[in-house]
C-alpha cells in the first residue's frame, strides 16, 4: 500500500513538474535560448556586468540626441518635401496635362508594393547604410522629375519614389527603439516627425518665391524638383556617413559608451537588432489582435493624410484666394501641426501614455472638418481659414502610433513585421485619401471632408480600445510574475537577474514575462 502511495505521489510530482516545464517554456524562463539572441549579447552578455551612473547616462543620451534625432529630422524634412513636391509643383503650374489624382496615388502604390520587401532586406543589412542608399537614389529620381514632360514617365517616377521612401519610417523607428528607453522614444520620434509640419511652412514659402520666377531657361516646377532632389542626395550622404545602425556597432561611440547604451535599454526588454528571420514571430504578429487594431488605426489616420497632403492648398484656394496667396496662407497650418506633434511626444513620454495623446491630436481635426462642412458656402473666410489651420493636428496621431509600435513590440522579426504592416496600411490609407476628393465634388468637396471626419471619429474609439487592452495585459502580466516569484521563491534580486537575462534573447512581448506594455 505504501509502495502504491509512493508511486502515485511520484507520478503526481512528475506530472506537476512536466506542467511547470511547459509553463516555463511558454514564459521563456527555464528554456531560455540565447544562441539566437540579439547581436547585443556579443558585447554585453546575458547578465549586466557593467553599471553606469545617472550622470554618465545623461551625458551619453545628450551625445545620442545630437546625432540620431537631428539626422532623422533631416531625413524626414527631405522626405516630406519630396512627398508633397507634387502639391507645390502643381501650384506653380506644370507645363503638361496631368491626372493629379493618379500621380498622387502612384507614390503610395510604389510605397505599398515595396514595403514588405524593404523591411526584410533592411533586417539583413546595416540599417542606416540601407536607409542612406535609398535616400540618395530617391534624390536622383526626384531630380529626374524635371526631365519629363509626359504623364506616363511622371507616373513611373512617382511610383519609384514611393518604393525608395518606403523604408524611412520603419528604419528610423527601429533605430530609435534600439538607442532609447521607452519613456524617451515618443519625444524623439516627435523630434523628427515634426518636420512634416515645418516642411509645410518651408515648402510653401519656397514654392511662393519660385512662383515669381520669370525666366525661360527652366519652368518653375522643374526648379522645385532639382532643388529638392539635390537636398535629398546631400541628406543621404550624411546618413551614410554619420547615422549609427545600432548600439552594437555605432562608430560615434567608444566601446564603453556602446556597452552603456545597451545597458541603458536592457530593462525595457525591447531588444536590439537580430539578423535572423523568425517565422514564429511573423505568425505571432499576425495573430496578435493589437496588430490589426494598429493597422486599422493607421488606415483611418492616413485617409485624411492622403487627402490633405495633396489637396489642402486646393481647399484654401476654394475660399477665393489666388494660387500665390494660397501658398502663403497654407503655412500657419504647418506651425500648428508642429506644436501638436511636439506636445504629444512630450506628454506621451512624461505620462507613459500612447493613446491619450492620439485623442488630443484627433479632436481639433474633427472640429475643423465639421466647421468646413457646416460653413460651406459662407463668406466667413477667417473662420474657414482657422478650420484649415487646425486640420493638420491629426498628424500627431501617426507619430504616436509609431511610438506605440516601438514601445509595445519585442522580438526583432515581429517588430519589422508590424512596422511593415503599419507602413503598408499607411500607403493604403493614403491611396484611399487621394481618391476621396473627386473633381466632381469641387470646390466644396463635402463627401471628402465627411469621410475625414468619420475616419477620425472611428480612430478615437480604436485608440481607447487599444489603451484598455494594454492596461489589461499589464495587470495579467503583473499577476503572472507575482505568481512565478512566489512559486520559485525568488527575491527581488532574482527577478532583476532574470529580467536582465531575458532582455536581449530576442523574445517577443508575448513570450517575455518581464515585458511591460506602454498604455
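Here the Cβ of each residue, glycine as well, is placed from N, Cα and C on the backbone.
Annotation comment: TrEMBL describes 43-467 as domain 'Major facilitator superfamily (MFS) profile'. Residues annotated as transmembrane segment in TrEMBL: 64-81, 93-114, 126-146, 152-179, 191-211, 223-243, 327-348, 354-375, 382-404, 450-469.
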* Taking the transmembrane segment (64-81) as the first stretch and the transmembrane segment (223-243) as the second, find out whether 3 or more Cβ pairs fall under 8 Å, excluding pairs closer than 6 in sequence. => yes
* Quick one: do the transmembrane segment (126-146) and the transmembrane segment (223-243) have at least 3 Cβ pairs under 8 Å, skipping pairs fewer than 6 apart in sequence? -> yes
* Taking residues 6+ outside the transmembrane segment (382-404), which of them lie with a CB under 8 Å of any CB in it? -> 169, 173, 185-186, 189-190, 193, 196-197, 200, 294, 297-298, 301-302, 304-305, 308, 312, 315-316, 319, 329-330, 332-334, 336-337, 340-341, 343-345, 348, 354-355, 357-358, 360-362, 364-365, 367-369, 371-372, 375, 422, 426, 456, 459, 463, 466, 518
* Structure fact -> Under 8 Å Cβ-Cβ from the transmembrane segment (327-348), and at least six residues away from its ends along the same chain, one finds 88, 91, 186-191, 193-194, 196-201, 204-205, 207-208, 211, 312-313, 316, 321, 354, 356-358, 360-361, 364, 385, 388-393, 395-397, 399-400, 403
* To do: Give, as a single whole number between 0 and 100, the mean pLDDT over the domain 'Major facilitator superfamily (MFS) profile' (43-467).
  => 86
